[in-house]
Each structure stands twice: as structure tokens, then as C-alpha cells.
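S.K.: The structure under discussion is supplied below as C-alpha cells; questions concerning it will follow.
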């Protein structure tokens, strides 16, 4: 039972990342009809917003300590981040909360990147075949990756979670198990809650705001909404920006789980596309549901008992499920009729 | 029109034809003469000799690669008579004079292996064919080392392996042109098991997570065999892809597997990630089978310990060398390296530095860079003063034999570099083995022509 609870949590946690990326992908596909292969790169750019802020906050002033010698016979260096030297306790707190602070930095940056990307490149490919859209956005992803590689290097850069949430939570005791029977890293719980909060916020935005209502109407019938005198293109551009923000925030919060490197977007992109296809192209709820479902399935497939019967199943489970679902229901779990069909 | 009608046209054509014919006749002769001038590939003809440093500058082992490159640059400096000479002052015996090698100034070219065999072979090939490297060294992955060693054998240059710990490098995949100073997985198991028995008892159940390539496989096999010899039971062995990053899906099944020890056959960034995540998932605080749950890292390094931070405290592993060893060679090297780079060298740096010196010394003693002559000098060579005490380069498999360190994550470090505590220096007799147990054939040396 404890193992099942742990695997569910583990799956929800992975699923949270899949769902956030797939949600952004579906938003773009649903509004603009563009298959955005640069979406993984947006996830990566979000993570590097956190890296950039962290590196800025950890810039160090170096002084020499003549009373302390190193084992190789030179005076030891004293290194202290400027932010701590200038602001003391407040500086240390800022450093400690670098990841949550990065959210504030990432939102405007990702919004601008999304809008520039849509206006500068993607809009020229609206009426082109999906294959061309995939090629051009994939090319853009490679360009963005290489820029990050040149700027930040190719090695993963570890970013710590705030100290208060860096250990693990004794979640077993919450459910009446013995002490320390089930522990789960705090930050992964934070990530899970964060992804649920972002997903709810996006749905609420689309459901309860006038802007969202118009966008939904535009997704259903773009021409009619345009005939009503609404500048639907402008709203769709903003939706592209919002999708970029969602991917970016998924990246920012993922940094303490896995040190970011320039290639991290590609690693998630393929899985996220499988999630979108399983959920149904163009279905926001489908993307979210499939994200969590596949995350949990992947997690259960890594259990010793399952792997002893099907060796290597953890590596291929997602693809097996995708094949099975597409055979039975070609438009995906919640796909709309006519989308990417015929 | 006047240009076409110039009277020189016929003469020019005749002269040109004569020059062309002469050149054509002479050319093969020139090439043959040039080829026969040297009896080995990339024989240096000028006042310099070029070495190729092929290290991971990107990928999961990039930290080790960066430190290896620092060590190589320091070795070149010392060979050329610059700096304080480092271990050139402590190496015994040595023919090196600090004036380059065989009177030629040492130069180097570098390549990025990316921790990928194909990229590593491509960069080694470029250094051999384009840059004229007479020796290739480096690596931080056994898969890469074995691939490059094989390329060097085919091309006809010496390969002085850097950090490679798989039994296969000097076991089933050994080559006449390849040499390894670093210890291997068999030695880690032989050194570590008795210490683990003393610390955790003979009644333990172990779960292995293993990097899915040659090094991981042989380490898993060696550690499994040696721990089973002391009475431990192996519950499960699970392979993980190299550079997996998030190991949570592999760590969570450990919790209810019935195991009370997790053995992490990972290295570099993979080790940092898997160990950190194992600790985050509460494995170090867990009780299983009425005992404290333990984690073991069979192959340790200071760089990994730095990356994993608090997570390494109290965790046992083995090492080839440590900068805190008390001997003249180590002290000389730590002083040179620390003064130049402001940090102590890693074991990867030490093995690469030593390999460069050993190669240079063998050339000096052989009086040539010819790989076959250099191989003869290295085979069976016994030396001291390079940080590991008396060491033998065994002729049968080109593997070095010396003391192996068992180390433990320091509970109370005195400074930021004091992360590993040396628990035991295991004598060479305890880690020595019969070269035939891993199979493979050295074959014969290849000078490249």
C-alpha cells in the first residue's frame, strides 16, 4: 500500500511536468493550429531564467584571508556573494528563495519571448502544412538550444530549492503509516501543487474571463468571431505568449528536481507530444488528463514486481499505451472530431 | 586576340609539360622517401612533439574532463621544464630531464569526447590524422576509453587511458597499444567488501542501480561477487540509462524491495543526481530488516562529493588516489596543481598527469616515440613517487597495480575540499588478480606504418 501511494505521488509529479508542457502545446495548437516543436525549448528557456537569476544572485566578491593557508601553501580565498555582503540576512534570504523569485522574472520574459516568436516567425506558417510548421519550429528549437549552450555552457547547472523545502516529508504519518515508512521530497510535492495551480489558473482564465471566452469562441469558429469585429489574431498571439509562460514556469520550478542543461527541452518534448496525442490533439482537458495518466503509468511500470514480469517495461510503457489508445481511438482520449484527421 | 597569338605558347606548353612530367615521375619517389624516413606513424620531424588530450568537455562526466585537462596542461608545463616540476621531482626511476621529451618541446591538441564513443573516436581520429598526435590520452567513461583504445590500436599510436574503471579496458577489450594507470571495478570490490562487512555486517540484502554500459556492468558484477562472498544477498540489479537525470522512478521501487543496502553503480553527474535523490527520498533515514538502511558508492571522487554535498556524509566507496595522502609525490602534485588552479586535484587529474609522465619517461628511455619501443619500456615497469606508492605496470594486460583506497564521506569536513575521509589503504596483494580471468588478447603492437 505504501509503495502504491509512493508510485502515485511519483507519477503525479512527473505527470505534472508532462501536463504543463502538453497544456501549452495544446493551447497553441487549439488556437493557432500550429504544431509547435519549439515548445520544449520554451520549457528549457524557463529553466534558464532561474539559472540566470541564480547566477546573478551568486556573483561573488573574493578577498584573501592571510591567516588561513590552503594545503598547497597559498593564502585561502574568502568568497561571499555580493548580495549577502550588501544586504546581509535579507540577501541570504533572497539567495535561498532564488527559484520562487525566478517565477517573477520568468513570467514577463517568457511572455515577450512567446509573443516575439509568434509574430516574428510562427505567423508566417499558419496556412502552411503541419510538416512545414514542425520543421521550422524544430529548427528554432535547435537555434535556441545552441544559444543557451554558447551562453551558459553544456553542463547541467544545479539550482537548490529553498532550505525549508529541501528535505523530504514524512507523508506516511499523514496517512497513519509508521514513522518514516513513506517519505517524499518536499520540493516534488511543491512542484505537484504548483502544476495543479497553474493548470487551474489557465482553465479559470479561459472559462471565467471575457478574454478567455472570446479565445474559446475563436478556437471553435475563428471566422465568425472575426466578423464580429474582434481582433482574434491579437488575442491568439497573447495566448501563444501565455502558453510560453506556462512552459517556462514548468521549467523554472523543475530546476531543483533536475539541474538544467541546454538539452532538457528535447528530452521532454517527445514525451509531451505523446501526451498530447494520447489526450487528443486540441483538447486541453485531454492533455492534462493524459499527462497525469502517463506519468502514473510510467511510475508503476518501474515497480520491481512489474519489471520482473516485463523487463524494460518502464522505458516503453508510454509508447505502448499511445499505440494502444490510437488503435482503439485514433483521435485520442478526448480529441475533437476533425482535428488532425482525414 | 594578341594574347592567344603570343609566340611563347608552344614553348610554354613544352616547358609546362616537362615540369609536369618531371613532377609526376618524382612525386611517388618523394612520397616513398618520406614514408620510409619514419618507421612509425606521426614521427615528429621538427622540434616539437604533439600529444592528443581527448576528454569529456560536455556531458555527464564534464567535471572530470575539465580537471583532466588542467592536469594535462600542468604535465606539459612540467615536461617542458616550466613551473616547479611537480612529480618530476619525486618520480623514481625516471629518465625525464625537464627539457621536453627526447629534446623536443611537448605541444598538445584537445578534443571533446562528449562522453560518446562515436564523438570520442572522431576527435581522436582528427588528432591523429590532422594534428599528427603521437599519443592519445584521456576519457572519463570506459565505453569511450575502450572505443578510443581500439581506434589507437588500428591507427598505430599509443593510448594512455585516463579515468576508466571497467574491468574490460584491460580485460576482454585490452589492446597492445593501450595502457591503464587507474584501478578497476574488480579492485574496488576486493578492497571495499571487507570494509563493508566490518561496518555493516555479513547479513545484508543489496539492491544495485547500475549505469547501463560497460563500466556499470563490470562494476555491478565485481561488487555483486565480492559482497556475495562476504555473505550479502543481492535482491535486485536494475540498469539505468547513462545521463538519466531523474532517477526517482528507479529509487522508489528500492523502498519496498526488501533490501537494506542500495549500491549505486553510477559516476559523475549521474552519481550526484542518483545519490542526492536517494537521500531526498529518505533512504538514509530508513530502517529495513531491523537495520539502518545504507547506501554505498563503489567508485568515488572528490568532484562527485562536491556535487552531492551533504548527501555523501558517512557513505563508503573506493578511490584510486586522494589529494590528502601523505607521500612526497602526492604533496608535490597537490602543491603544483593547487597553486596553479586554486583547488586540489581530483583522482581523474592525478591519473591523467601520471599517465602523461609515464609515457614521456618511456619514450625517453626508449630513445624514440615508436609505439613498439615505448610499449616495451612500459611493460613490467616498476616505479614509485607518483602518488600511489610502489606501482607495477603489468606486462600481461597493461594494468597498473598499486594500493587501493577505501574512503568515506566526511562527517565533519574541516574545509570545502575535505569531503572524503581515507578509511583504509588496501595493500596491492589484496586487489591483485590473475590476468586470464577476464579473457581478451593484447595482440601485437602497431606502429602505424
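Each residue, glycine too, has its Cβ placed from N, Cα and C.
Owing to the predicted nature of the structure, the values given are computational and were not obtained by experimental measurement.
If you look up TrEMBL, you'll see A:15-35, A:42-64, A:97-122, A:189-215, A:236-257, A:269-297, A:309-328 marked as transmembrane segment.
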S.K.: Would you call the transmembrane segment (A:236-257) and the transmembrane segment (A:189-215) in contact, using three or more Cβ pairs under 8 Å, pairs 6 or more apart in sequence?
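M.R.: Contact between the transmembrane segment (A:236-257) and the transmembrane segment (A:189-215): present.
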S.K.: Of the listed stretches A:15-35, A:42-64, A:97-122, A:189-215, which one has the most C-beta pairs under 8 A with the transmembrane segment (A:269-297)?
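M.R.: By the under-8 Å Cβ criterion, the transmembrane segment (A:269-297) pairs most with A:15-35.
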S.K.: Could you pull out which residues elsewhere in the chain have a CB under 8 Å from any CB of the transmembrane segment (A:189-215), counting only those six or more residues past its ends?
M.R.: 9, 12-13, 16-17, 19-20, 23, 27, 31, 161, 165, 169, 171, 225, 230, 232, 235-236, 238-239, 242, 246, 249-250, 253-254, 257, 284, 288
S.K.: Who are the chain neighbours of the transmembrane segment (A:42-64) in space, where the CB to CB distance is under 8 Å and they lie at least 6 residues beyond its ends?
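M.R.: Here the qualifying positions are 21, 24, 75-83, 85, 94-95, 98-99, 101-102, 105-106, 109-110, 113-114, 144-145, 148, 152, 157, 159, 243-244, 247-252, 254-255, 260, 262-265, 268-269.
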S.K.: Using a Cβ cut-off under 8 Å, which residues of the same chain at least 6 positions beyond either end of the transmembrane segment (A:97-122) come close to it?
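M.R.: For the transmembrane segment (A:97-122), the list is 32, 34, 36, 38, 42, 45-46, 49-50, 52-54, 57, 133, 136-137, 140, 159-162, 236-238, 240-245, 247-249, 251-253, 255-256.
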